[in-house]
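K.L.:
My structure is below; once you've seen it, I'll send some questions.
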Amino acid sequence: MTQTTHHTPDTARQADPFPVKGMDAVVFAVGNAKQAAHYYSTAFGMKLVAYSGPENGSRETASYVLESGSARFVFTSVIKPSTDWGTFLAQHVAEHGDGVVDLAIEVPDARAAHAYAVEHGARSLAEPHEVKDEHGTVVLAAIATYGETRHTLVERTGYDGPYLPGYVAAKPMVAPPAQRVFQAVDHCVGNVELGRMNEWVGFYNKVMGFTNMKEFVGDDIATEYSALMSKVVADGTLKVKFPINEPAIAKKKSQIDEYLEFYGGAGVQHIALNTNDIVATVRAMRAAGVEFLDTPDSYYDTLGEWAGETRVPVDVLRELKILVDRDEDGYLLQIFTKPVQDRPTVFFEMIERHGSMGFGKGNFKALFEAIEREQEKRGNL
């Protein structure tokens, strides 16, 4: 097992060849955007803030923009394809099911970011261009990454609209929760084919100047039956973190193999969301119908011995099936949903950090065994 951590010095940050401001949006291509928006409003406590559709001139697609803190999700479905983009989205849903089509990144200079990326080997999907409305101007560009996923580069300096030109402000679908369920996107995890993890890690190293933050291989990321490998790349400020997983050869089909089969190739596996109160988050999401992975009671029998004291009592962690991990910098609390659609593909992680910038290394075995139990129920192990 190897785990490496790299802390980028301030001088390197100042010379960052691909500066980022953070995640701009996670964009989903879905079969029914209205129903998806309602689900994430009720089950995830998100707030509908913007809309684009036939009522305001978009004849081809309907899109709903939801926010929670700094996290922004966009759900888009095709009404009737009339351009290459609409045809692509329709085919994306047909092949992959509901899934992430775009991990949009906010940058201070979209033209410079696009030029640097293309110069260093990225495939351009959209040249830098301006879009305008009464709220100001946004510069957009896009590059390809693994599978059919893209990174739209968004420069929105001075823009004060609800999302982007072409969108109008929208009223929430449901009454917002008394307490925000989550505050930000923590990281976005991609699954790629066997033998391609290092290729895509190298892509982010070259194209965006991201550094390797952590690496997980060996026994700590394997069970009796299945295994995988993972490396994490991040920008110099750690605002954007992308773990990349690939399957490893083992006795049975791993969770990565299952994803690749049912998604139809590489793509975004899960999105981790920061919360400052994971207990309230899990209680609210469970009450709204979200299903989480189960953890055996035996996990909690010795938890206090190796994880130490946390702000949440062990009996509450046991009740809610929340996992704990601790490293030299602190600890984290985390829990994973089951897939949020019928295909066993995209799911979510809720994470509460107390110093630790890790990814739950100590929980990998318990997590993977929980996923294997679900795979076995589906007949996919």
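Backbone N, Cα and C define each Cβ position, glycine as well.
Swiss-Prot feature annotations, pasted as is:
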type: BINDING; residues: His187, His270, Glu349; note: Fe cation binding site
type: DOMAIN; residues: 22-156; note: domain 'VOC 1'
type: DOMAIN; residues: 184-338; note: domain 'VOC 2'
K.L.:
Specify all same-chain residues, apart from the site residues His187, His270, Glu349, whose Cβ lies within 8 angstroms of the center of the Cβ atoms of the Fe cation site, ordered by sequence.
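P.N.:
Other same-chain residues with Cβ inside the cutoff are Asp186, Cys188, Val189, Pro243, Gln269, Ile271, Ala272, Leu273, Phe336, Phe348, Ile351.
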K.L.:
Please list residues from the chain of His187 (Fe cation binding site) whose Cβ is under 8 angstroms from its Cβ, counting only those at least six apart in sequence.
P.N.:
Val232, Lys241, Phe242, Pro243, Ile271, Ala272, Phe359
K.L.:
Relative to the Cβ of His270 (Fe cation binding site), which residues of the same chain, six or more apart in sequence, are found under 8 Å away?
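P.N.:
Set apart from His270 (Fe cation binding site) by at least 6 residues yet with Cβ under 8 Å, we have Cys188, Val189, Phe336, Val346, Phe347, Phe348, Glu349.
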K.L.:
I'd like the number of other C-beta atoms within 10 A of the C-beta of Glu349 (Fe cation binding site), please.
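P.N.:
Excluding its own Cβ, the number within 10 Å is 21.
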K.L.:
Kindly report the helix/strand/coil residue split of the domain 'VOC 1' (22-156) according to DSSP, in that order.
P.N.:
37 helix, 63 strand, 35 coil
